[in-house]
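S.K.: Take this structure first; my questions come after.
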Amino acid sequence: MTVKIGVLALQGAVSEHIKALKDSGAETIAVKDASQLEELDGLVLPGGESTTMRRLMDKYGLFDAIKIFAKKKAIFGTCAGLILMAKEIEGRKGPHLGLLDIDVKRNAFGSQVDSFESDLKIDHVAESFDGVFIRAPYIKKVGPGVEILSTYNQHIVACRQGRFLACAFHPELTGDTRFHEYFVKITKENK
């Protein structure tokens, strides 16, 4: 069974996510308009700057459309996408998607110059996976029903809650498609 997964194309490594999804067996498109969501089985919210992405989602009518989409469909957030999916964001008030019962800290590992790579064990994905952290958040706290998939220095950096998957790093920048393959599997199970 083939699934169709969109990548929100407002900011971030859109083409890298599209390539990783295609290499993982999914049909995929760049999503720039809310009407495109209707044809999808899943959606990727890529990295970028979360405040800017939130503003662009509002500007293009995508925020409410994604909240409706999320009621039945799978979503995978990386870095800023994870932040957008969180119920709580440290130091931020106001509406966010609130899809994952998690509390996140933005830029938790430092600024752009503090970006790094680290070998990670990711449950259900890989014993060894190259995590690329760029101004990355981490998950401070998870609620019941949230499965912790990976940690780095005792900080949660990947999780799953039902059909929602999120990570603080950038798997699309590694050339390793195993994390995207896992999302394709989740999307198929949810179809």
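Using N, Cα and C of the backbone, Cβ positions are placed for all residues, glycine too.
Reproduced below are the annotations present in Swiss-Prot:
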- Gly48, Glu49, Ser50, Arg106, Ile134, Arg135: L-glutamine binding site (BINDING)
- Cys79: active site, nucleophile (ACT_SITE)
- His170: active site, charge relay system (ACT_SITE)
- Glu172: active site, charge relay system (ACT_SITE)
S.K.: Of the active-site residues Cys79, His170, Glu172, which sits closest to Ser50 (L-glutamine binding site) by Cα distance?
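M.R.: Result for Ser50 (L-glutamine binding site): the nearest of the active-site residues is Cys79.
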S.K.: Could you check the recorded positions Cys79, Ile134 and say which one's CB has the fewest neighbouring CB atoms inside 10 Å?
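M.R.: Counting other Cβ atoms within 10 Å of each of the recorded positions Cys79, Ile134 gives the minimum at Ile134.
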S.K.: Among the recorded positions Gly48, Arg106, Ile134, His170, Glu172, which ones place their C-alpha within 10 angstroms of the C-alpha of the residue listed as 'active site, nucleophile'?
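M.R.: For the residue listed as 'active site, nucleophile', the recorded positions whose Cα atoms are within 10 Å come to Gly48, Arg106, Ile134, His170.
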S.K.: If the L-glutamine site is taken as the center of the Cβ atoms of Gly48, Glu49, Ser50, Arg106, Ile134, Arg135, which further residues of that chain fall within 8 Å of it by their Cβ?
M.R.: Gly47, Cys79, Ala80, Ile83, Asn107, Ala136, Pro137
S.K.: Look up Glu172 (active site, charge relay system) in the DSSP assignment and report helix, strand or coil.
M.R.: helix
S.K.: I want to check the contact list for Gly48 (L-glutamine binding site): same chain, sequence separation of six or more, C-beta distance under 8 angstroms. What comes out?
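M.R.: Counting only residues 6 or more apart in sequence, the Cβ neighbours of Gly48 (L-glutamine binding site) under 8 Å are Leu10, Gln11, Gly12, Cys79, Ala80.
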S.K.: My understanding is the cutoff is Cβ-Cβ under 8 Å with a sequence separation of 6 or more in the same chain; which residues meet that for Arg106 (L-glutamine binding site)?
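M.R.: Long-range Cβ contacts: Ser50, Ile83, Ile89, Glu90, Gly91, Arg92, Pro137.
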S.K.: Suppose we draw a 10 Å sphere around the Cβ of Arg135 (L-glutamine binding site). How many other Cβ atoms does it contain, all chains included?
M.R.: 19
